[in-house]
Amino acid sequence: MGILDLLFSSPKAETACDVCVKSFAQMWVAYNRRKDSLPGDEVYQGRSEPVPTAVPAADRLVAIGDIHGDYHKAVRAFRLAGLTDEHGRWSGGSTVAVQVGDILDRGDHEIRILIMLERLALEAEAAGGKLYLLNGNHETMNAMGDHRYATPGANLEVLGFSTWRDFTALMKRRSGCPASEGQPDPLQERREAAAQASSSSATSQMSRLRPYNWLRSRALQPGGEIARRFFAARSTVLQVGDNVFVHGGVLPSHVEYGLERINRETQSWMLGGPSRAPTFLRGASAIVWARAFSASDERRCDCETLRSVLESIPGARRMVVGHTVQTRGINSACESRVIRVDVGMSHGCGDGPVEVLEVLKDGQVRRLREHGPPVPVGPPPPRHSQHTPQQAQGTLHGGKEGGAGSISAAVASTAA
């Protein structure tokens, strides 16, 4: 029996509260008579509002690469981009920013970063700007139960998060407050997660390789608190004006399947829908895994496929990708049709220098650096002919029902 079982095993409360507070945190705020309020249980509910696939162009557009659990580098990246002030608050005005995924793994501060980005997204919207967050392959890996790259510090962070959530839920139950509609008993959920972890060969293997926290699976699995609250609210691919943002790369099979459909089905899975991850998220040619346009040696990039993909997406001229570390910094390839923004800035993934991408309305594309002036990133990409409205409708939104079958389901053996 764990400490939570010992403290809260009684199903009956000695007293009932007339007005149940949303969370223990709100109770503490009320007790201290502070004027600012904290969000309650509603902030942990699943995010089922439709995620965007295409949004208008911006006067100033910023892209931030893979963060991988490094909170301090993340803070520096946002400051370098002019998005935050010395207090960490949004100062980017109407700037539109996109973070291309891979918040998880290789670093100790995953949840801390998730909460910071959520706050900045709200502040950006209030100021007339936007912060869009994408899912990367490490988000989908963890949702699938693959935690090979989680650090001991990140596991401790998840332990603290899960224990606090369970404690506050059980405090409410002990006080006679009814559970939220449809919300499982946290103590029972905790027991079931522990039993599942102990009976799984995959988790047993991970625990042998490195310190493993089974509460991580509970929080990050589809329908889990972190997956449904944070990852379900994110796009997997997003077009901002003529720039297509994606973690790995958009291939012809993804366009055929439908980019809006990919976003919709990924969200459904993260909310706890289908038990098996969609095909387009699995394998070396998955939309979050593809490296066809990311090789440092441009001769190894499939520039012809990239050109074809961009021509098939209405209004698209450039793709911006992360996923593959660029040791020479943010750079372009294939006549500037692709810009690669993963510079391995995380301490656990190369500890590279902090850089961000800036795209201005006048066509300037610049690489912003902490210790040097901005550097132009290639010439503007070539223009191509536009498709008819009928083609645009079918390509970007609906896709073809059978398109998923052409995406390779081979399991990728390495991560970045």
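Including glycine, each Cβ sits where the backbone N, Cα and C put it.
Nobody curates TrEMBL annotations by hand; they come from automatic prediction.
Taken from TrEMBL as is:
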type	residues	note
COMPBIAS	194-205	compositional bias 'Low complexity'
COMPBIAS	373-383	compositional bias 'Pro residues'
COMPBIAS	406-416	compositional bias 'Low complexity'
DOMAIN	60-153	domain 'Calcineurin-like phosphoesterase'
REGION	175-205	region 'Disordered'
REGION	369-416	region 'Disordered'
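Sequence-distant contacts of the compositional bias 'Low complexity' (194-205) (same chain, six or more residues past either end, CB-CB distance under 8 Å): 145-146, 212, 214, 217. Regional average pLDDT for the domain 'Calcineurin-like phosphoesterase' (60-153) in the model is 97. Secondary structure of the compositional bias 'Pro residues' (373-383) per DSSP (helix as H, G, I; strand as E, B; remaining residues coil): 0 helix, 4 strand, 7 coil. With DSSP classes pooled into helix, strand and coil, the tally for the compositional bias 'Low complexity' (194-205) is 10 helix, 0 strand, 2 coil.
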